[in-house]
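Peer 1: Can you read through this structure? Questions will come right after.
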Amino acid sequence: MGADGWQWAQLCGHGENITAWNKNDFGRCFEQLAFACTTHALLAILSAYHFARHSHRQVLGPIPRSLTLHIRFALCVVLAGLPLVALVLAYLYVEIHPSLADIITWGIKAASWLIHSGYIWRLCRLYHIHIRGHVIVVISVLLTCASTAIQLRTSILNLLSEATHIMTVDDYVTFITNVLHLLYLLSLIPASRPDLIENSGSIQNVGGLQTESETAPLLQSQHRGCYGAVPISTATSDQLGGGDETAGCLSRLTFWWVTPLLLKGSQQHLNSATDLFDLPSRLNTQRIEEKFLEIMHDTPPQKARAEVLVDAVTDPYGDTHAPNSSSGGDVVISDGQIHKKKSLISALNTAFGIEYYSIGVLKLLADGFTFVGPMLLNWLVTYMEDPTEPSWHGYVYAAGLFLSTFLGSMCSTHFNYLVQIVGLKIRAAIITSIYRKSVLASSVSLSTFSVGEIINFMSTDVDRIVNFCPTFHNFWSLPFQIAVALYLLHQQIGLAFLAGLAFAILLIPVNRWIAIKIAQLSTSMMSHKDGRVKVMNELLTGIRIIKFYLWENHFRNKIGKLRNAELASLRGRKYLDALCVYFWATTPVLISVLTFATYTLLGHRLTAAKVFTSMALFNILIMPLNAFPWVINGLMEAWVSVRRVQVFLQLAELDRSKYYAKSQPDASSDSAVIIQQAQFSWSLAGDQEHPTDHPSHEVSSAQSNAEDEHINSVANARSSTQKLININLNIPKGSIVGVVGTVGSGKSSLLSAITAEMQREQGLVTVANLGDGFGLAAQEAWIQNASIKDNILFGKPYCEEKYAAVVEACALEDDLKVMPHGDETEVGENGVTLSGGQKARVALARAVYQDKDLYLLDDPLAAVDAHVAHHLFHKCIMGLLKTKTRVLCTHHTKYLRDVDLVVVMKQGTIVNSGIPADILDADDLDTTANANNSADDTAENKVEDVTADQEQYTGSSSLMQEEEKDTGVVKLHVYKSYWIAVGRILAPMILVSLLLMQATRNISDWWLSYWVTHSHSSSADHNTSVLNSLTLTHGHTHFLYRHTSMSISPWSNLTESEDNVAYYLAVYGILAGANSFFTLVRAFLFAYGGICAAVRIHKLLLARILKAPVGFFDVTPIGRIMNRFSTDLYSIDDALPFIMNIFLAQSYGLLGTLVITCYGLPWFSLLLVPLGIIYYFIQRYYRQTSREIKRITSVTLSPIYAHFSESITGLTTIRALRETDRFQAENRWRLEQNQRAQFTSQAASQWLGIRLQMIGVAMVTGVALIAVLEHHFRTVNPGLVGLAVSYALSVTGLLNGVVTAFTETEKQMVSVERAGEYITTTPTEKDWAILCAPPYWPIQGAIVFQRVFLRYRPSLPCALSGVCFETKPAEKIGIVGRTGSGKSSLFLALFRIVELEEGQVLIDGINVSHVPLGDLRSRLAIIPQDPFLFSGSVRENLDPEGFCHEGELWDTLRRCYLKDVVERLGGLNAQVAERGRHFSVGQRQLLCLARALLLRAKVLCIDEATASVDRQTDKLIQVTIREQFSDNTVLTIAHRTDTILDSDRVLVMHDGKVVEFAPPGILMQNEKSKFYGLVHGNA
């Protein structure tokens, strides 16, 4: 060719010359030099140029990592190494030296890709350059791809034209290079980089000058705007935006828009919900709530929105329910028309039905593409068995496998994503509806449900309803899959498929029975869980009293019984689950045995095409057959939950337009409140009972019957409590009305009647300016978990002058001065760190700050001393509120001289009313007994305790700690702790059984492959082809450069049994039986292990919580602890074992699949290595983010429950102050934070899913291509190919399933981590002891404090400083002192609630620190100021341990003046509602007194136990105490002077020290004594 031939031949080698065109193709040497060398040299030059050009520009500091660039870099490194691998193989194995042209070409390729990899690495830091790189470099890459494609064409033509069809090293390298080039081109698709994150650095000129300006602000503001209690986060440059709303089409298809989130997660920048995606507009909680509300009430959207605007201005009642409507029950009145209120399921269907049903198209397409795979597998194996079929058919089949798996993966991924989006909408709609119903339902109807039950509605039931979304589509999809699979099976093996089908059909009724039983057990389990959560909530609410009374064991046993009942149902469920798992796993093998045995016994010959196509169809068929009962079960569970929630949503709402008279007093009227001939009750009206249209299904009926029994018992108890009869009352505007009466006379009920909290049975109620609400200060002060300032403002704008006046009028100035952070001090849940008087004054200040026209004050003076009471009455009630209308319930009758009207109540009716001069004397009410009062404002925790608790746990103004959130991977010790909980012996047994199960399954399939290959191997040609195939598979790798050698077949040692069907069937049956056995063992071992772990973790968690000190509960919200005992424990009980079982099974399944595939097609291992590396990095990249999202999800879930519990507790106050809208807004905000985490989690999951499915697509395509290529060499075994491809078809789902299951396992393991955190880190009370208390200790009750120093933390001042005093046996001691003086600390030290720093406390000469806590607290008695009653019988509340007989209980009730009340309620077995709602506060205090009488303790501590009872009853109670405890030591912290004036001695505390200790008579004679000053209000 114009040059010396020998020279070109020497260059080209292999006997070739440099020929440009030879027949129908380029010359091989010409391709190398003209195409490959030139294009790669150009790539090297351009990459080096741009590498050097931008070496001085880079991003300083940490930057976002681009997964695309890292993948591209890895591909470049592999491409650089391929030529070197080829060179080594040529020298070492083939022993043919490559030509000079080969070496030059390989060298240039290696150098060019190595240089280009450096360019890609630099591109990672060239943030101003497009992610694809410079255009000219991209063009050079495309040229190299074109040159490699030309070489691929040459290799294929050579293979097709040569008889041997044995590939050379160059051919293999060419094929692999083209695959890598294709992957490189795919990496060019992403169009943008992830955004630079906060503080990630700036693009700078390393040489000195900055070339790119910094876009991030220098400082980030840490402040957040807020309105009321709803935080409004400010925008930052780090926000991810609204998810897919701004993404392009390709980004949405590939979920590329999720990549910035994964980037933040990999850099550990996901710390809170604000770091996640914003909710897209279609998931906006308020929009969903409004839309759903319109549909529920059948109100046209435009009309409803208009009515909302009008009602916000004109509604005279202050209602917040459906616009211009009366909602309750099944009927809604809107605009004068009566509409049928939609059921929950109907409303959900109307709101989300169209969107939800349309998604089913994707499901249908995905199912369709699923069946394309087995058909193409059949054609592919048939093609391999038929040597006469055209070669190009194989490539068509391989391409078809690629397209079907690719499109099926896309459809299924987007179906899952869209279904989850609908699920989030449903979740938002139901939770907001439940919360809205909770704050708008009447108190009477709401009392039929406990807080724990409603929390279960918002958690477990909502989750079940949301799970309905994918379940329903499976309901129609699974029968469709079954029908198509059966048809295709008939096409393959005729009627023989009926044998396997018959077995599968026989399992359907079994599975249905299992599903029904599981549904029944689930319902029973939920019922027991409701009870357990309810009792747990009560335990946490009253933990202080439980510690004092030593009731931990009682509540542990009570919870234990409920837990055992719950576990009994769970145990039955899990064993039935295990049975289903057994059927699921073993059915494919058994069906295969039956089908193929029938087929061969009918005289047919098994072929590889028929066997493995049938196996693929069986695998498709088994899933819907086994899953269908579970789908039915899921639908049933969702239906039960829908009915449960429906019952709650049908509660009658508080309709003020019906409750109050239509004609309200106008502005010119002189009356503020008018009540005429009215009767009120705490029971439901006859036609407003709970709806009884319960589900017809047997499970649902059982649930409904249980609900009816619960409702009826509570309603009956309510009906037995106080009624108001024949009430007539006219309150003039601007007046002050005093309401008095004995305990239980109906004073608080009268205020509830005015605020519409009771049921009006007859008469009229009119209130002026009703829409403005009431200034309510309830008898049980409700305090939010916030700062004192936020509690007072309660959502109103801050006005400094007004705020200062309110604080002064409510006597809070001195308290705020001694608090660690003034009014910014957080007070804990329910104000646990404030004294009773402080809580009462904060609640009063809140009401006063709201500036209402009508104030309802329910005994705000009861919890404060004489001086403070005098201040509150004159400065606040008669001062700041002097122009307002005031209704004051009080036992301080001396203040009634100044009121305008006195109302006397008795047994629910007004027995007298008039001016004070007439009423007070006529009713012989004591007006002088209040002249002297001891000074105190104490309860269980005083200011000194507040300070200590706050500083002890936080050291800042925030009392409640932020919930801890671990970062990074779930630690190994968490997994270890769970497996230890499963059992040290049981856990390894589970893993071994899994291994044996998978091994027998894979061996049985391998045996089937061997059967179809060898049962008819009679011809020498067939044997030769088999041996040739085995040469490729098992022989030495003499395949390079078309050199071959034969090797000994591994089959040679097997028994030759040609056409011996019985032999093959026997082996196959034995393997199937072994697989069935190991599957059964694995299923039941795992079920048993999961139950063992659930039992152990709950037992340890409950024990640790019960041992925690009181201070722990002060700084930990109840909702946070309840989250551990509800959501987290549900995960440990049910979700974690379920998903871990799936993960382990799929992991073993994936391992078996890869082993079988590589065994059948060894060349597949070359493709497996890079795909395995990509797989590893993708799942690792994803898990770094998914863990943090799961933790954020858990952390944002607790505040929803805590806020809900808080809202229910303060519902009366919230409604009276007309703040329900704001609290609903706060609930929406908290829910949105959790929804952001849920949405982000779903998006990240689909990001992973689409990528893993693409890896699966690559594996399926690679297996098919390798099989087709090997078919050309006649070295392929159709049986092994069929086995490999049938396994490979399942690898797509397995790849995604393993990572998804592992990620879900890790997510659920977070629940173990959170429970373990409490088990291991929660502080415990110090319960050491060096001696056992004598049986009758204490005998005398002599108490000695010897230089007692008590502090709550080393950095804080002492709460008690060197306290020394000694009591005599059976002495009565009164304890007084100003707030913060250390009075309550005496009780805390005595009961060892807080341990001493120095000194000792002796009782009868025994140091209490040497006695076990149980012995100590069981020998002492206390009557707290805040009474605590729990749900259960009256008998159980009085005597939880059951030590007293019935006559003793009745006698004690008589002495406490409660016998008549309990008889009206129904006797000792009558049920007490949650928090003792059936009793007034005074009656609850009397019940606590009855407990003390029953204990007969030698030492009794009284913390103003009669603050809420009337004066006359108080006198009688004091007589009872003196009589019953005449031989006992009694320590009394007093508010009323007459309760301690007859004490033997009075102990006066000041600044943690004892300043006076003498008989009260002596102290009163000394006008300079502290006690004298306290009594007369000048100390």
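Counting begins at 1 with the first residue displayed.
Quick reminder: no glycine exception, Cβ is built from N, Cα and C everywhere.
The transmembrane segment feature in TrEMBL is assigned to 33-52, 133-152, 172-191, 395-419, 439-458, 478-508, 614-636, 978-999, 1062-1095, 1154-1178, 1248-1269, 1281-1302 (among others). If you look up TrEMBL, you'll see 359-637, 990-1307 marked as domain 'ABC transmembrane type-1'. Summarising the annotation, TrEMBL assigns region 'Disordered' to 686-710. Sequence annotations record features per position, and here TrEMBL assigns compositional bias 'Basic and acidic residues' to 687-697. Marked as domain 'ABC transporter' by TrEMBL: 709-932, 1343-1576.
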Peer 1: With a Cβ cut-off under 8 Å, give me the same-chain residues at least six positions beyond the ends of the transmembrane segment (1154-1178) that come close to it.
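Peer 2: Non-local partners: 67, 70-71, 74, 78, 176, 179-180, 1002, 1005-1006, 1009, 1032-1033, 1248, 1251-1252, 1255, 1258-1259, 1262-1263, 1266-1267, 1270, 1277, 1280-1281, 1283-1284, 1287-1288, 1291, 1295, 1299.
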Peer 1: Can we call the transmembrane segment (172-191) and the transmembrane segment (133-152) in contact, meaning three or more C-beta pairs below 8 angstroms at a sequence separation of 6+?
Peer 2: yes
Peer 1: With a Cβ cut-off under 8 Å, give me the same-chain residues at least six positions beyond the ends of the transmembrane segment (1062-1095) that come close to it.
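Peer 2: Contacts with the transmembrane segment (1062-1095): 567, 570-571, 574-575, 577-579, 581-582, 585-586, 589-590, 592-593, 596-597, 600, 978, 981-983, 986-987, 989-990, 993-994, 996-997, 1000-1001, 1003-1004, 1007-1008, 1011, 1015, 1055, 1129, 1132-1133, 1136-1137, 1141.
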Peer 1: Considering only the recorded stretches 33-52, 133-152, 978-999, 1248-1269, state which has the highest number of Cβ pairs under 8 Å to the transmembrane segment (395-419).
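Peer 2: Per the Cβ count, the answer is 1248-1269.
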Peer 1: Against the domain 'ABC transporter' (1343-1576), which of these stretches has the most C-beta pairs under 8 Å: 359-637, 709-932, 990-1307?
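Peer 2: By the under-8 Å Cβ criterion, the domain 'ABC transporter' (1343-1576) pairs most with 709-932.
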Peer 1: Apart from its near flanks, which chain residues at least 6 from the ends of the transmembrane segment (33-52) lie with a Cβ under 8 angstroms of it?
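Peer 2: The answer is 18, 20, 26, 101, 104-105, 108-109, 111-113, 115-116, 118-119, 122, 133-134, 136-137, 140-141, 143-144, 146-148, 150-151.
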Peer 1: For the transmembrane segment (978-999), could you work out the same-chain residues 6 or more beyond its ends whose Cβ comes under 8 Å from its Cβ atoms?
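Peer 2: Tertiary neighbours of the transmembrane segment (978-999) are 585, 1074-1075, 1078-1079, 1081-1082, 1085-1086, 1088-1090, 1092-1093, 1096-1097, 1136, 1144-1145, 1148-1149, 1151-1152, 1309, 1312.
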